[in-house]
Amino acid sequence: MPGAVRSLSRRGQRAPSPPRGGCRPSSPPPGAPRPPPPLPLPGGPIAAAAALGAVGPAAPGLQPRARMLLALPLRAACSLLAWLSLYAWFCRRYKHRSYEWSCRLVTLTHGILATCLSAYIGFIDGPWPLSHPGSPNTALQVHGLCLSLGYFLFDLCWCVYFQTEGALMLAHHLVSIVGIAASLALGESAAEVNAVIFGSEITNPLLQARWFLKEMGCYHSLTGDVVDFFFVVLFTGVRIGVGAWLMYCELASPKPRWYIKLGGVIMYAVSWVFMVSICRFARRKSMKKYHAWRSQRGEELSLRTNGHLKSH
């Protein structure tokens, strides 16, 4: 110890301690070649800062987009599971009814929910589909599209399994599924896809009510006539009239992708095929009502003149 104290007093300072956290890099010996300086990035310091930002802070910015894309199939699967669970509950609740009865109840439920939600999104939350086609998707639009995507997947599988619908309805469901999935994957054009869902589903509750009235034997009544009248009016005004306006705005705008535009044209063409069938149905029913009215009026006239002598 005295020797150590004397040594410190002779030097005037304490011996340097080794650096913490490992050894420091030693300087190259004299005469050794120096490493070449780093090459400057093209574009100067701005490009270098952008490149560093892309590696550093901007890379986490890509994570929300990737997470959203990964979450979309999960949302659609949860929606499909929810509609399947509702269908199973209806089947248990109405055991004495057919499977189609339960499926129609699911369709009626989706029609009411989708109409209300898409109306709120289009008319209140925005953006307006006629003036902003191809705009980025909002969170509420994504929720609405996932809800309808799960239903269309359920209904398509049900129709294929029970073979209750023709090729036209299956094509309608396929185009709807592809269009919704494309809008969700792109992250845009949900405004016009949501508008198409609104136009397609606003007449669905009336269509299901017509089927239930037939099943209960109450279709040939004033209620059935009112349901048919409003169904024809809404289909003609919304799906054909407003649908033509929406398709024009979609085709005239440069923002939407070409396959989104193609899907809109196909959906509008399917609506026209349905419209032809509806016009034939409306004509048959109108003629039947007219002939029934003529025969009833003739019977009333014959009852009035029966038993009464005409004055000469």
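From the backbone N, Cα and C atoms, a Cβ is placed for every residue, glycine too.
Feature list (source: TrEMBL):
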REGION    1-40  region 'Disordered'
COMPBIAS  26-40  compositional bias 'Pro residues'
TRANSMEM  70-90  transmembrane segment
DOMAIN    96-271  domain 'TLC'
TRANSMEM  102-122  transmembrane segment
TRANSMEM  142-161  transmembrane segment
TRANSMEM  225-246  transmembrane segment
TRANSMEM  258-279  transmembrane segment
Give residue numbers and ranges for long-range contacts of the transmembrane segment (258-279): same chain, 6 or more residues beyond its ends, CB-CB under 8 A. 134, 168, 171-172, 175-176, 178-179, 182-183, 186, 189, 192-193, 196, 200, 231-232, 235-236, 239-240, 243-244, 246-247, 250-251
Across 70-90, 142-161, 225-246, the most C-beta pairs under 8 Å with the transmembrane segment (102-122) come from 142-161
Long-range environment of the transmembrane segment (142-161) - Cβ separation under 8 angstroms, sequence gap at least 6: 72, 75-84, 87, 103, 106-107, 110, 113-114, 117-118, 121, 169-170, 173-174, 176-177, 180-181, 183-184, 190, 193-194, 197
Please average pLDDT over the domain 'TLC' (96-271) for the predicted structure. 93
